[in-house]
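Per TrEMBL, the features are:
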type	residues	note
DOMAIN	72-349	domain 'Tr-type G'
BINDING	81-88, 148-152, 202-205	GTP binding site
Amino acid sequence: MARLSRSSGSRLLYTLCATPSSPAAASSFPLHGPQSTLASLLLLGGHCRRFSSGNVARTKEVNDPWWKESMQRLRNIGISAHIDSGKTTLTERVLFYTGRIHEIHEVRGRDGVGAKMDSMDLEREKGITIQSAATYCTWNDYQVNIIDTPGHVDFTIEVERALRVLDGAILVLCSVGGVQSQSITVDRQMRRYEVPRVAFINKLDRMGADPWKVLNQARSKLRHHSAAVQVPIGLEEEFQGLVDLVKMKAYYFRGSNGEKVVSEEIPNNMEDFVAEKRRELIEVVSEVDDKLAEAFLSDEPISSIDLEEAIRRATVARKFVPVFMGSAFKNKGVQPLLDGVLSYLPCPTEVSNYALDQNNKEEKVALSGTPDGPLVALAFKLEEGRFGQLTYLRIYEGVIRKGEFIINVNTGKKLKIPRLVRMHSNEMEDIQEAHAGQIVAVFGVDCASGDTFTDGSVRYTMTSMNVPEPVMSLAVSPVSKDSGGQFSKALNRFQKEDPTFRVGLDPESGQTIISGMGELHLDIYVERIRREYKVDATVGKPRVNFRETVTQHAEFDYLHKKQTGGQGQYGRVCGYIEPLPAGSTVKFEFENMIVGQVIPSGFIPAIEKGFKEAANAGSLIGHPVENIRVCLTDGASHAVDSSELAFKLAAIYAFRQCYSAAKPVILEPIMLVELKVPTEFQGTVAGDINKRKGVIVGNDQDGDDSVITAHVPLNNMFGYSTALRSMTQGKGEFTMEYKEHLPVSQDVQMQLVNSHKASKGAE
């Protein structure tokens, strides 16, 4: 049972006594942090009651389930932003203030240590986050699970899968750079997974910092219904602290690492500005919260508790984005942001999650999100650790225990959990069990990213995350023949870990082709193969899959006659080749139009096989010939010397004989490219598409962006992601997919034929 008592100095003391329904140990602690704003409201166990002076109210029903309190005190959050906005720096400060780490290290690892969440050597060298990393910490008796995600567009899958399993997010914006291209992309991902969020305008200590400009950009570019819940005291070098518009207090951050938060009265010279910003905050929130609107319209005084409750309701409902401010690097504003996470972002039971029932035609089922239901957990990320495959799980319902059996719904396999851990970047802590709402990792469980696990009582699968198609490919091969085993081991592991990384074999060139989200993405993997598997790989431009075809009717009449000692070879084939009609579903057609038995029917399959084999490599550039029809009209055979081999060779030579007469052309793969660029760069981008021999087929407007659709030859699209970024200051994005093969222009055909002859001559 919980009770409230007043201690001396009118300080509220919350005492929690253990009861049979609550395993919590008896403890007594003053309300502080986010609870201090609830001086007359205790939000716990889902029951909100007001207290009048001297009153004591029951806030916890005796029959509340054991897990209710721990679920209310749990937050799963992700930190996402454009590259270099300060996500990892912010996470480092959060870990320091919550006592998870005992000293602060900088992102680029200049001190030889590097940020805790960037555990990979490559991350520390380049100063960028490559893999999302999970950790957990405790703040004011709340457990907070945090995932720090990359900002670079090439690692977008890391952001996708983190947001898929989180209940809330912090969108970090740079006070100088403002809303940048990747801010727009991660915000779009947050909308896709319906994640409530708070915004944090970082780097207020930098030259040119302007949080109000950034707030207006968030409203216009991200369509955020947002308002500031804090006002900075000074900016740039003068940045000293923050005024909280909800509690109407000024906060200063003292101590060598800003660990002492000192609360003071609002400076006199800021009172008018603060009053104006608070009125703006109340106005914006009351537009989406009826209860606050009522009080605002009837001119009632609005207490800090009323305002905090309204902001929480609107944020959880994704109708409002509260904006916090600070400088993570200068250790200012991080603790109030943590308080805001507890106050405004939802706990696991306040978020709706759905599964698909495989026993009932994939019908949508709402999950309770509590430990009482059957186990439902999603494997959202895989990593190859020192002890085998590490699988990150988000538990949506039920309880998972070490040593118990679970079922992989996607494969039907029954698996035992040998080891269950909680992650702290690359460190782990063994635990015996975990319940709904938590993010844990298991060892020794073979599965793929996106698999769902249950206890066997239900066959639910979670909806999978959005996996974008790879846009770029490279040919790779190990330098030394001996390292082939390690090379393929590395590629298999990376494919399992990263759904956007694909590996294939080009049947024509025999090259191993790796595909991914961009040049940096593939460069990082080649570098990881070198570092983690000690395999040097050569990287080349992959061969574009050209094709050849014929454009007109051409006849053949070929006699293959070879006399050696013993049985000779004899076979004559007559007929013609022609292009297949447009829209034909087959790429090669063979028709036997011979009347009578001039060629015995047993040899016809060998003739067809010969023509097919010849069509595998056209004589222009050695690529397969498509859309061709071969008709056999006449021929001759010999009673002794004719054989399958003789007729097969006759067909191959007949094809080569008439091929040039059929006016062959080279076909190249044409890609359907969709670009989204800010309108001011539209002309430059369109001009570049024309230079690449692309044809623009559509141009639409989407808010401040232009959406251009074009058909561009794949051969002209290499290095395009880098070119597009430089043309659009990093704000443009594009998707590319195969559309069709079309003939190349005469000059390109000459170029390709000449380079093919030159390479043949060199061999």
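Cβ atoms are placed via backbone N, Cα and C, with glycine included.
What you see is a predicted model, and the numbers here were worked out from it, not measured in a lab.
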PLDDT averaged over the residues of the domain 'Tr-type G' (72-349): 84
Sparsest Cβ surroundings (other CB atoms within 10 Å) among the binding-site residues ALA81, LEU204: LEU204
Neighbour tally for THR149 (GTP binding site), based on other Cβ positions within 10 Å of its Cβ: 28
Count of other CB atoms lying within 10 Å of the CB belonging to LYS87 (GTP binding site): 29
